[in-house]
Structures are given as structure tokens and as C-alpha cells.
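Comments concern the structure below.
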Amino acid sequence: MSKHDTDTSDQHAAKRRWLNAHEEGYHKAMGNRQVQMIAIGGAIGTGLFLGAGARLQMAGPALALVYLICGLFSFFILRALGELVLHRPSSGSFVSYAREFLGEKAAYVAGWMYFINWAMTGIVDITAVALYMHYWGAFGGVPQWVFALAALTIVGTMNMIGVKWFAEMEFWFALIKVLAIVTFLVVGTVFLGSGQPLDGNTTGFHLITDNGGFFPHGLLPALVLIQGVVFAFASIEMVGTAAGECKDPQTMVPKAINSVIWRIGLFYVGSVVLLVMLLPWSAYQAGQSPFVTFFSKLGVPYIGSIMNIVVLTAALSSLNSGLYCTGRILRSMAMGGSAPSFMAKMSRQHVPYAGILATLVVYVVGVFLNYLVPSRVFEIVLNFASLGIIASWAFIIVCQMRLRKAIKEGKAADVSFKLPGAPFTSWLTLLFLLSVLVLMAFDYPNGTYTIAALPIIGILLVIGWFGVRKRVAEIHSTAPVVEEDEEKQEIVFKPETAS
């Protein structure tokens with residue numbers, strides 16, 4: 001190795017040490033049991049428990065195929081994130097990786113788009129809580145916004161506790177969700193095998209063929225549905241954020257990621273196939289969990305209510321996770337200058353409380369939306385959440401590609417956990433994410449208006465950058481500099497000036 005190569009390698013190592021310094025203050029308290037369940041629970045939320053009812057109405061049995069396609073690409077994204085985590089675990093997750101491989105402007109865009117995702121997702125979750133509460137007739141007269149505010153208060157308080165307690169609560173939240181799905185799969189399979197009629201219909205595959213087949217509304221509605229189904233997997237990347245507070249991320253994260261793909265297949269695809277073989281797909285309704293519909297049709301007292309409690313837990317779990325992620329992402333951005341400096345503050349419990357409080361303020365807007373337009377909140381904010389998650393996943397893939405390039409050039413150590421089939425699968429995933437945006441444009445009116453809002457989001461991001469660039473320049477002036485590679489005539493890495 002030449003002296004120039006050695007110097008460049010040392011400079012990259014110094015840069016990573018500077019980035020790792022941003023992790024100071026966190027308490028590495030998460031164990032394998034908690035990380036495993038967080039990864040599983042992150043893939044099971046309101047997108048399955050609440051969203052599946054409306055999706056079955058729109059696409060029928062084809063929803064199973066849509067879940068399978070989205071689940072496969074979600075796995076690719078997780079494997080790409082796994083590469084980055086093994087390279088350098090960080091609570092800032094892909095925002096920190098964007099800072100390392102793409103510069104602070106990219107970290108700024110990645111961070112704020114991810115914040116948009118979780119801000120919108122949180123509004124969806126508190127809306128879901130309110131809808132679930134209205135399942136019980138006794139609460140029918142209570143305004144939707146009251147339940148939304150109550151959920152926000154409970155989960156906001158929970159997130160101010162130390163990470164060990166957050167992880168433990170999230171473990172039990174996730175366990176309840178998993179047990180609920182497993183219970184449905186077992187009961188549904190036994191009932192299907194018994195041949196007993198349900199709600200006046202004999203169960204079986206004929207419920208698909210006799211009700212319009214696999215694509216009852218044609219192929220296009222199923223394709224357009226992809227942009228909504230993406231939201232169902234919008235928490236899977238949380239394992240990357242949690243890696244910064246794991247006891248042993250090098251071992252725990254790969255195990256957690258590899259467990260996700262078959263569970264997506266079982267929980268999502270298996271559940272939908274079973275649902276449409278137990279009842280006609282038209283029996284499921286928007287606004288009510290299809291699992292609640294099934295158990296209610298069984299006629300067993302209180303089963304529907306029990307399942308409704310489970311889906312309430314799922315919504316609270318997702319809201320809890322969102323506050324966890326945004327607090328840490330906003331702190332990472334503040335450390336790089338892309339967010340206000342006060343968001344870098346930590347409590348004595350090692351919690352980035354300032355970022356969490358900032359997110360709670362946004363969630364209050366969601367409560368107000370529940371007061372103004374309670375019937376449309378879920379669909380309105382769902383598309384904006386999808387925009388944020390698509391951007392975030394794209395940054396993960398691009399950073400993974402840049403990491404591979406750095407490894408090939410000897411500027412980073414190789415990792416043992418890799419995305420299979422890369423770079424082909426990397427490019428294929430980016431193409432899939434682009435196609436989701438195109439499909440969203442056909443989802444009139446909400447999806448069309450959301451895509452039309454992209455230029456406005458872009459303008460706001462540009463304005464915001466001009467507001468933070470001076471602080472970014474000040475912070476990055478103290479960062480180690482990687483000099484220009486004169487032989488290759490390209491910039492290997494150089495901290496970005498705020499131009």
C-alpha cells in the first residue's frame with residue numbers, strides 16, 4: 001500500500017471516529033431478546049391490523065401478492081441496512097451514514113424526510129387508536145380527537161423513560177402482536193380444516209374463485225395499492241436505529257434481520273390468504289380490522305373485543321417506536337448541524353428528550369386533524385408518510401452502494417453481512433421505489449395531490465438548508481478532512497461546505 005493510500009485510510013478512520021463521537025450519551029442496554037422482537041414487531045402494525053380491511057376491499061385476494069412483493073423489497077432494504085450497521089452501528093442510522101458517504105446536505109434531506117414519515121405515521125397511529133375505540137358502542141359518542149389526545153399523552157410519557165424500559169415495553173407490545181397473529185393463524189386454519197360454514201358461507205378456496213378470482217377489480221388497482229402497502233412495512237428500519245443502543249449489534253442485528261423475511265411471508269401473506277378463504281373478501285370493511293371481523297363472525301363472546309385490544313396495542317406500539325426513532329434521528333441531525341442545536345440535548349436517563357418533545361408538538365396537529373376531518377385523516381396522512389419512508393429507504397440503498405464502493409477501494413473494512421445479489425438488487429430496489437411514486441400518482445385524489453406536493457416539499461427543504469448551512473459549516477470545520485485523490489482525479493471524501 002502506498003503512503004497516499006495509507007494516509008487516505010487513516011483519514012477515513014478519523015472521520016468515522018468523529019461520527020462515532022456523536023453516539024456519546026446513549027446507554028447500550030438492549031439485549032438480543034428485545035432487538036429480535038423489535039425487528040419482528042416493527043413489521044407488524046396498523047398497516048396490517050387496520051389498513052388490511054380497506055385494502056381487501058380495493059384489491060381482494062391480490063393483496064396477498066402485493067404484500068409478498070413489498071415484503072421482498074423490504075427484506076432487501078433491511079439487508080442493505082445490515083451492511084451499514086456492521087460497518088458502523090449508529091443511533092443516527094442512515095442519517096449518519098448519509099453524512100459519512102454523501103455529505104451533510106444528503107443527511108439533512110434524509111433526516112427531515114424521515115421525520116416527515118414518522119410525523120405522519122404518528123398521526124395515523126393516534127387516528128387508529130381513536131377508530132379502534134369506536135368499535136365499542138359505549139364509546140361511540142366520544143369525539144375521535146379525545147382518544148387521539150389520550151394516546152399521545154400516554155405514549156409521550158412512556159418515551160421519556162430510559163431506553164431499557166422502552167425496549168422492555170416494546171418487547172411486550174411486539175409479543176402481544178405476534179401472539180395475536182399466531183392465534184388467528186391457528187384458529188383460522190383449524191376452522192378452515194373443519195369445513196364448518198362461517199356467516200352462512202362454506203369456507204375454502206372457492207370463496208376466491210366465486211367472488212371475482214384473484215384480481216376481482218383487475219390488475220391496476222392491485223398495482224396502485226403497492227404505494228399504500230409500503231406503509232405497512234414502514235417500521236422495519238427501526239432496527240438500524242436501535243443498533244446504536246444494542247449490547248452486541250454485530251451479532252444481534254444480522255439475526256434480527258434474517259428473521260424478518262419469513263415472518264413477513266407468514267404473518268402478512270399467510271394472514272391475507274387465510275382471511276379470504278374464511279370469508280368473502282367483500283365482507284371486510286375499511287375502518288375495522290379484518291381480524292376483528294373474523295372473530296366477531298365466529299360468535300364467540302368477547303373475542304372481537306379481545307382482538308380489538310390487541311390492535312390497540314399495535315397502534316400504541318407503532319406510536320411508541322416513532323417517538324423513539326425521531327428523538328434519535330433529530331439528535332443525529334442536530335449533531336451535524338442540520339437541526340436546531342437544542343435537539344441534541346440528552347436527559348439523565350440517556351434519552352434525547354428535546355427531539356421527542358419536538359415530535360410530540362407535531363402530533364398535536366394530528367389531534368387537531370382528528371377534530372376537523374375525522375373521517376379522512378387516515379388516508380390523507382398515509383400518502384405523506386409513504387413519501388417519507390420511500391425517501392428514507394432510497395437513502396439506505398444509496399449509502400449501501402457507496403459503502404460497497406468504499407470497501408472495494410480499500411477505504412473501509414469489509415463486512416460479513418451483505419445484501420444478496422448486490423449491486424443488481426440495489427438498483428432493482430431503487431427502481432421499485434421509483435415505481436411506487438409513479439403508482440402513487442394514479443391514486444386519485446390523495447396520491448395524486450401528494451405527488452403534486454413534492455415540489456413544495458423540495459422548496460421547503462431548500463429554504464431550510466439556507467437556514468442551517470452556517471451552523472453546518474461551523475460544525476464541519478472541526479471534522480477530519482479526507483483529501484482529494486489526485487491519481488484518480490475524484491473527491492474521495494471531503495466534508496461538505498454549506499454552499
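Each position is counted from 1, following the chain as shown.
Yeah, the Cβs are placed from backbone N, Cα and C, and that goes for glycine too.
Copied over from Swiss-Prot, here are the features:
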TRANSMEM  34-54  transmembrane segment
TRANSMEM  58-78  transmembrane segment
TRANSMEM  109-129  transmembrane segment
TRANSMEM  146-166  transmembrane segment
TRANSMEM  171-191  transmembrane segment
TRANSMEM  219-239  transmembrane segment
TRANSMEM  264-284  transmembrane segment
TRANSMEM  298-318  transmembrane segment
TRANSMEM  353-373  transmembrane segment
TRANSMEM  378-398  transmembrane segment
TRANSMEM  422-442  transmembrane segment
TRANSMEM  448-468  transmembrane segment
Cβ-based contact of the transmembrane segment (171-191) with the transmembrane segment (422-442), 3 or more pairs under 8 Å: no
Intrachain residues whose Cβ lies under 8 Å of the transmembrane segment (448-468), provided they are six or more past its termini: 105, 108-109, 112, 116, 337-339, 383-384, 386-387, 437, 440-442, 498
Of 109-129, 353-373, 422-442, whichever stretch has the most CB pairs under 8 A to the transmembrane segment (219-239): 422-442
Selection from 58-78, 146-166, 264-284, 298-318, 353-373, the stretch that has most Cβ pairs under 8 A to the transmembrane segment (422-442): 58-78
Most Cβ pairs under 8 Å with the transmembrane segment (58-78), selected from 109-129, 264-284, 298-318, 353-373: 264-284
Leading stretch by Cβ pairs under 8 Å, where the reference is the transmembrane segment (264-284) and the options are 34-54, 146-166, 298-318, 353-373: 34-54
Spatial neighbours of the transmembrane segment (353-373) far in sequence, C-beta under 8 Å, 6+ residues away: 115, 118-119, 122-123, 126-127, 130, 143-145, 148-149, 152, 156, 159-160, 322-323, 326-331, 334, 339, 342-347, 380-381
Tertiary contacts of the transmembrane segment (146-166) (same chain, 6+ residues out, Cβ under 8 Å): 26-27, 29-30, 125-127, 129-130, 133-134, 139, 245, 315-316, 319-320, 323-324, 327, 347, 349-351, 353, 356, 360, 363-364, 366-367, 370
Cβ-Cβ under 8 Å with the transmembrane segment (34-54): same-chain residues at least 6 beyond its ends: 63, 74, 124-125, 128, 131-132, 167-168, 170-171, 173-175, 177-178, 181, 228-229, 231-239, 242, 246, 252-253, 255-257, 259-260, 263-264, 267-268, 271-272, 275, 284-291, 293, 310-311, 314-315, 317-318, 321, 378, 382
